[in-house]
């Protein structure tokens, strides 16, 4: 859930944290990036990808800074409470020396701030507790700001679920409709199929898609009504499958290019494709909402910003390699919304197992994430309407909240399976808020609160390298510009139709 303080969990090294962050960012969005690259042109795509990667890194450092400020405030409040309790118990003769503390952090928290800072372990701004973004919003924003935060993250999660609900049936439709009939192995051969084309006998492709969507909803939808957790082994399995798939696609594309069988001739720039590319890139760099669970368990956070920068450089290189091999290997008009589907063609790979593995790859990986995202969205709805000390009736808690979580994304997936547009719109609107606007406001408000509580001379040890107010203003202006640009582009596109 986006709100609340949760256990830190088992600590791990900075480099393990780097791998976890890499795995988090490189997800479903990467599968839609090759087509977006092709539609916008390779030069425009590369420049925009690098710029948006830089912007995402900047706002990531803003969130880390806000996490440190939140930890400092929580630590300060506990110290004040303990001080008040000690004052009340002073008549009984209880002193600090009589209290046995088990944890180093607790020992430091019982001392005055100046004492802690003189000893140097730990700093008042040490990130030792996992404070989720919802909790930070409630600490640093007013009531309107908190409600806007939840509205933004709820819209983003709805978009996520709609993308997942469409991606699985699309993959199943493409694979099963291609291996039946006379066009076996022809998913990636450049043939364009309409939704009204036949799939099995009288069943059209769109009918097959909706049948798969219904089955997907019936199988995974009920998990929204219960509590589910991603197990450690399931996470390992999905990560392993994802990396096998990505590496296979890059190698197969490089082999085809090296043999002179490449068909792609991408243009340098096509302005009409920038809107979708922007949304896809924002969606593909999204990690800000999960940073508390990633950064907090890192054992040594002294160089956390440098590790995050290294992660972004590696991710940028990976996205570029995946997209460039794709746009030079395949013609623009043959690139699929889900890049994995380009490898279900017998001419690309004649090993049936690999064809089916890549074609059905989104089915396995996305299906494991759908219930977790759904439960997260349901819990955010509960948090948004929660009143202190109040409880929900059984029917509202167990029926209404799960229903409003599950029904809208399934309806969106029923109406459209245009994954590129779904990813683009989700990234351009809700992603814009989560990746740019919320981190910028968190950094600004946390700095003001830190100065108010600790004084103007106090320095946050995890202060962003982009510490000047100019960068916050720049991010806010950029976020507003992106919103206006995407909206105007959509309106102009619709008016031409």
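Placed from the backbone N, Cα and C atoms, the Cβ positions cover glycine too.
Taken from TrEMBL, the feature domain 'Amino acid transporter transmembrane' covers 20-67 (among others).
Among the features that TrEMBL reports, domain 'Amino acid transporter transmembrane' is placed at 134-475 (among others).
Residues or ranges marked as transmembrane segment by TrEMBL: 12-33 (among others).
Positions annotated as transmembrane segment by TrEMBL: 39-72 (among others).
Proximity of distant same-chain residues to the transmembrane segment (140-159), defined by a Cβ-Cβ separation under 8 Å and at least 6 residues beyond the stretch ends, is recorded for 2, 66, 69-70, 133-134, 289, 373, 376-377, 380-381, 383-384, 408-409, 412, 422, 425-426, 429-431, 433-434, 437-438, 441-442, 445-446, 449. Residues or ranges marked as transmembrane segment in TrEMBL: 140-159 (among others).
Here TrEMBL flags 209-228 (among others) as transmembrane segment. Residues 165-166, 168-170, 172-173, 195, 203, 367, 370-372, 374-375, 378, 398-399, 402, 405-406, 410, 413-414, 417 of the same chain, all 6+ positions outside the transmembrane segment (209-228), place their C-beta atoms under 8 angstroms from a C-beta of that stretch.
TrEMBL lists 240-257 (among others) with the feature transmembrane segment.
The transmembrane segment annotation in TrEMBL covers 277-295 (among others).
Residues or ranges marked as transmembrane segment by TrEMBL: 307-328 (among others).
For 348-377 (among others), the entry in TrEMBL reads transmembrane segment.
Sequence annotations record features per position, and here TrEMBL assigns transmembrane segment to 470-492 (among others).
Residue counts of the domain 'Amino acid transporter transmembrane' (20-67) by helix, strand and coil are 45 helix, 0 strand, 3 coil (DSSP-based). When Cβ-Cβ distances below 8 Å are used as the criterion, the transmembrane segment (307-328) is approached by residues 14-15, 17-18, 21-22, 25-26, 30, 33-34, 37-38, 42, 45-46, 49-50, 53-54, 56-57, 60-61, 64, 246, 249-250, 253-254, 257, 262, 264, 266, 284-285, 335, 339, 342 of the same chain, each at least six residues removed from its ends. Looking at which of 12-33, 240-257, 470-492 has the most CB pairs under 8 Å to the transmembrane segment (277-295), the answer is the stretch 12-33. Within its own chain, the transmembrane segment (470-492) is flanked in space by residues 55, 58-59, 62, 274-275, 278-279, 428-429, 432-433, 436-437, 439-441, 443-444, 464, which lie at least six positions past its ends and keep a Cβ under 8 Å from the stretch.
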